[in-house]
Amino acid sequence: MKDHSPRKPEWLKQRLSAGDGFGALQRLLSSKGIHTVCRSAKCPNLQECWSEGTATFLLLGNVCTRTCRFCAIDTSRTPAAPETDEPERVAAAARTMALQFVVLTSVTRDDLPDGGAAHWVETIRAIRKASPRAGIECLIPDFAGNEAALDLVCKERPDVLNHNIETVPRLYEKVRPEARYRRSLDLLQRAASLFGLTTKSGMMVGMGESFEEVGEALQDLARHGCRMITIGQYLQPSARHIPVERYVTPEEFAGFRDLALSLGFSSVQSGPFVRSSYHAAASSAACTPVP
């Protein structure tokens, strides 16, 4: 696919420099064979977060069964079986890093009957055993609409249950054809209403959506009980991914933030480099408890 993306504006040009903690964290994760979404998804904040000693752990391997056209993670219909010792390795890494807030995510595993939900449960329990004071945010897939699988994770009562809608409904067929917008909204509503969890979602902009469409999606999320939101600029990972339609200005991101706050979101992160787990601990702390 030929790259037709517009030229990057000045506000998206980063000066990258690795801090003292970057190398130590890289060695720790490598030694334990742990995957991170930071590296697998080519996150632009990798050096900043790793230098500060934080990372988002990627569960169930680093190969996804879906082919979302914005995502840099490798794909296959038949990925390797989950590693049974991964929960303990992740928990050990979180303890070594002395994390006060642990962010977990995973690839989508449509090849597994429960979508990997039992593996999620084992990981949450292992972290709580190793680091009982640590908060946990779970950025989960949609489990193909399997409510029993979703309930397994919700029953572990993570501090934040995160699931990204990613984009506006009009662009789903183009951007993430194997997902369903309504399914994602229903997931968030079930976690919030049935289990009383603090729910969070995220969107990328710059793929052809309008401001009004983003506003409508934010209203949908608010109506379905979502209380935290992240909004960031889509950046094309490679020439085979969908191109950037436009670069959203910092002023527009401020507008998204103001709109989300007016709709009742308790925590809003909106900016060019914002990603799902960016400043996750601070966002969780800023979110008022569920009544």
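Every residue gets a Cβ built from N, Cα and C, even glycine.
Under the heading [4Fe-4S] cluster 1 binding site, Swiss-Prot lists Cys38, Cys43, Cys49, Ser277. Taken from Swiss-Prot, the feature domain 'Radical SAM core' applies to 50-266. If you look up Swiss-Prot, you'll see Cys64, Cys68, Cys71 marked as [4Fe-4S] cluster 2 binding site, on the strength of sequence analysis.
Geometry remark: Ser277 ([4Fe-4S] cluster 1 binding site) versus Cys64 ([4Fe-4S] cluster 2 binding site), CA distance 19 Å.
The number of other CB atoms found within 10 A of the CB of Cys64 ([4Fe-4S] cluster 2 binding site), across every protein chain shown, is 22. Surrounding the centroid of the Cβ atoms of Cys64, Cys68, Cys71, where the record places [4Fe-4S] cluster 2, the chain contributes additional residues within 8 Å, namely Arg66, Thr67, Phe70, Ala72, Ile73, Thr75, Val107, Thr108, Arg176. Secondary structure from DSSP puts Cys64 ([4Fe-4S] cluster 2 binding site) in a beta strand. Listed in sequence order, Glu166, Val175, Arg176, Glu178, Ala179 are the same-chain residues at least 6 apart in sequence whose CB falls under 8 Å from the CB of Cys68 ([4Fe-4S] cluster 2 binding site). By the criterion of other Cβ atoms within 10 Å of the residue's own Cβ, the least surrounded of the binding-site residues Cys71, Ser277 is Cys71.
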